[in-house]
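**Q** First, the structure itself, so that you have it in front of you.
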């Protein structure tokens, strides 16, 4: 019972991390662009540059293991095997590409629009979960996918009224397309992580999960670093800071907090997938949309047109449909398990 309670507690903590990161991340990145930031590769880099934070947790875990074992025994510094390392590196590069697409979208679109488009990630997650980890579809999950797709289509048909001042239609459409690409890549990454856990061929502990996250963020950051070097973003940081509307100090604070908040988001993802599932991570991303919408209206005074309201309603309807279907399926599985156990108990 203690193990189950501990697992539930850790799942809840990771859900909170994921929710805070998913709501705060888009807002602070949008703040960077609204007040004079122009470097998309830099925004992409910041999304995973906070990965050294994980080293602190890993070091504490390592020292605890050293103290708990006999003095004459050796303690492995890293648990990860080559197979998992390669898979994590590949996911990391894909994450870097996803971060760039996300950064491009957040540079061009209001937060309320980009967040609604990210809701389609649940549909992509469900599809890739079916292909990669054999997640079964139900009428409820299919209904959710259809609703989320229709919601994105509603936004696509009303782009002109939402386009920021001074931005061309081409830039806006590209932002729309890149945000959808980020949702699709994110939908692929979640089940890929779950598949990595299943095919690891070694004991999957939370320490190993943290190591996987460290490698993913390292390679994602390396991917973005190459882009920054080619685009000469590193040389532009000091100049951009001096010209930032909120002042140079707040410019650097925005960069630092972007890295911290989004590292919490990624830690929440790997934790939720480890203690729950990739689909649960997709659900949390979707259900946090109304919070992000409300915060964007409050802090950035974004317009909330009728089509956004329709898209939000469809997204929430899709979430409720999917969640209800999952609850119903889990209840059915429990009854089947209990029936099987009772039948076995009755056998002579």
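All positions are counted from 1 along the displayed chain.
Each residue, glycine too, has its Cβ placed from N, Cα and C.
According to TrEMBL, the transmembrane segment annotation covers 12-33, 45-63, 84-107, 113-133, 140-160, 172-196, 208-231, 251-274, 279-300, 306-325.
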**Q** Take the transmembrane segment (113-133) and find every residue of the same chain, 6 or more past its ends, with a Cβ under 8 Å from one of its Cβ atoms.
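**A** 26, 105-106, 141, 144-145, 148-149, 151-152, 155, 162, 175-176, 179-180, 182-184, 186-188, 190-192, 194-195, 198, 277-279, 281-283, 285-286, 289, 292-293, 296, 308, 311-312, 315, 318-319, 322.
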**Q** Below 8 Å between Cβ atoms, which of the listed ranges 208-231, 251-274, 306-325 makes the most pairs with the transmembrane segment (172-196)?
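**A** Between the stretches 208-231, 251-274, 306-325, 251-274 has the largest tally.
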**Q** Would you say the transmembrane segment (251-274) and the transmembrane segment (84-107) are touching, if the rule is that at least three C-beta pairs must lie under 8 angstroms and be 6 or more residues apart?
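**A** Contact between the transmembrane segment (84-107) and the transmembrane segment (251-274): absent.
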**Q** Okay, the transmembrane segment (45-63) and the transmembrane segment (279-300): do they have at least three CB pairs under 8 Å, pairs separated by 6 or more?
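**A** As far as Cβ distances go (cut-off 8 Å, pairs 6 or more apart), the transmembrane segment (279-300) and the transmembrane segment (45-63) do not touch.
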